[in-house]
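Asker: Mind looking over this structure? Questions follow.
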């Protein structure tokens, strides 16, 4: 260390305190990184790796980024899971005696981002904690960009509930206890959710309790509802302690903590959120194609974040649901007012994140201008709320603070279009400060004198090319070309010689320069001081502004739901506690939104007694999965307070939705398709209650037919049994044997309507009572484009299996070993002559050809092949072509 240069000694002493972070060390206009940090930065950020003398004749690897563009580089490092410690110069280098003092002012981690450029407008950025305490587990999370802070406690230490909550909020970073890390599935879950984690450091509940009391400046946590929840206190205390260590400041905008219970909301585990595609799609993890994409017509960023919460946490209290629905209905019935409110919301910026920056002391004048524009809209919104009469809107109106005083302050003080920098003036309006006005007047007078100097000096000297200019090095000057140097007055003093001219000053010019530049410096300093005072006043009012912001967010979501109801013909659901779910002409909100044609609606009836377990049979691609998801989404939408895509809907409140939809090998955990499926089924039968809604799309497919059927049968009996679960269930299956369960109380058979005619099989996507007569698997394979050879061979095998099945029924034997084997040539010989040429072509790799689905196309081919085209007259040929075209159009086909 003694061999290091003073600057490198300073660097190393600071780096030793922050070994787990990449240290951005401020040197002038750059952040420099040294040694291993430099190597990491060069690799991850594609920077040039250079070197700097560190003393003792040795060089230290070095890489740097400009301060003005550092955010983009920091964002890339955070995305890759690194922490970044920002080390600033804390004194003016021009005033420093010796080495400039430096210290770390903030540690930026993935879960502690406040910079708008690194955040998505309509998504939260959470830091979470999951801490074990005795037989409980505390769970807490915060978004420091908005100030939202939540906490809860689980009665089971290693419950899957913690993983479901982590999946719901999708945190960027998690603080965990080592006990949780040692659980069997931790590594797999972390990999799936992709979060950075840190270890907890608080051992005593008392210490965590004191951290919270100190932060909230209170004597008790009773007002926050977590006084008697030690595990929750530990989890919340860990977050506050972490923020204290990393952010190096008090965060006034985190001024309350909300204690919640999972039982206050419908439970949606990670599998259900995934299968129902609530906020992102299964394929590609995209926003478009999700329920959120359909429902989110919010105008503000705050509303966008809130509607996502409502989707992920539907209500289970009937009164609360009805309160939301009343509000949405009132907006639906007041179209003009709805549009007026939405127009007013367009002027509202992201108040929550502006307050986060104000709390940090990083808000600039543009942030305060955005706050000003937003607050100036509030009186209009207050008047809008006054015109609404439902309970929720009345409460919102009564508690809505239009912040008139702050609006006046910001409107008087902050210019309409301020610069980004707060140190270079141009922030404060004329008339706000008399002292500032005097300085500006002096500056203006000085500049006017200097501006007139060029004219007066040209007249006085007779030098028409004389110029008055300014640069930062020499200040103001008079420039005269060399051809006119003999005419320079005696009171001019030479300042600088150029190739073609010389620059001079005069005593009067220096005096005015001192006045102007002195005034400029004083103006900039005074404007900054005034700005900081205004920002501090805003900081003192954070609680007030946050309450108003929360009302605006809720209003935005309610207007979004009302707008959706009007545009998409959604209707208000009736909510009950008796368990009846009745949907008339229900539609899938996402499929309908993305589809090109008219969506086929379906009815649904479920109750807790006579029709609680619905077995749905029918072919693949007929709409069974879409129908079941549709029912689940309609229930979820109703309980979040939304109108629903149905002509009528009665929703018996559901405490939890379970889905077991499809399955594939889980490569991250090494589990087979069948194991994944059985884990999901086990989760359902172990956690479902009588008030749950269960969606089962095939059970038992990943094993042998008899094993699968046996499991599906037993699971059906168990779920349907009121003494076990007795939950409302939709079960789609290809095991037609399960339809025999209809003789059990509570079980009903339904199937998808299929129409057969001379043109083939038509899937009508209509759910009707009764069991399916056939599976139509070969027809679906044909629709998918399998070669004709396979289709025809499958039909022959099916015929033989069905024949042997009938024979086994008579003889009591069920074996089907003697299925005939036929060669390709045998098959082709059995095909109708008119199709041989087509089938031969199908064996090529021509991907453009599509398998004809309907029999009408074969007849068209037959007609064309049998026609004596050579001997046809032109008119006969045209008429024949017209007949062919007409026939194809009537069948709705596009034959190529």
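Even glycines carry a Cβ here, placed using N, Cα and C.
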Asker: Have a look at 761-782, 783-804, 805-826, 827-848 and point to the one annotated region 'Disordered' in Swiss-Prot.
Answerer: 805-826
Asker: May I ask you to report the DSSP-based helix, strand or coil state of residue 625 (ATP binding site)?
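Answerer: SS state of residue 625 (ATP binding site) = helix.
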Asker: Relative to the Cβ position of residue 623 (ATP binding site), how many further Cβ atoms are located within 10 Å?
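Answerer: Other Cβ atoms within 10 Å of residue 623 (ATP binding site): 24.
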Asker: Counting Cβ atoms within 10 Å across all protein chains shown, which of the binding-site residues 618, 619 comes out on top?
Answerer: 618
Asker: Let me spell it out: for each of the binding-site residues (620, 622, 625), count the other Cβ atoms within 10 Å of that residue's Cβ, using every protein chain shown. Which one has the most?
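Answerer: That would be 622, with the most Cβ atoms nearby.
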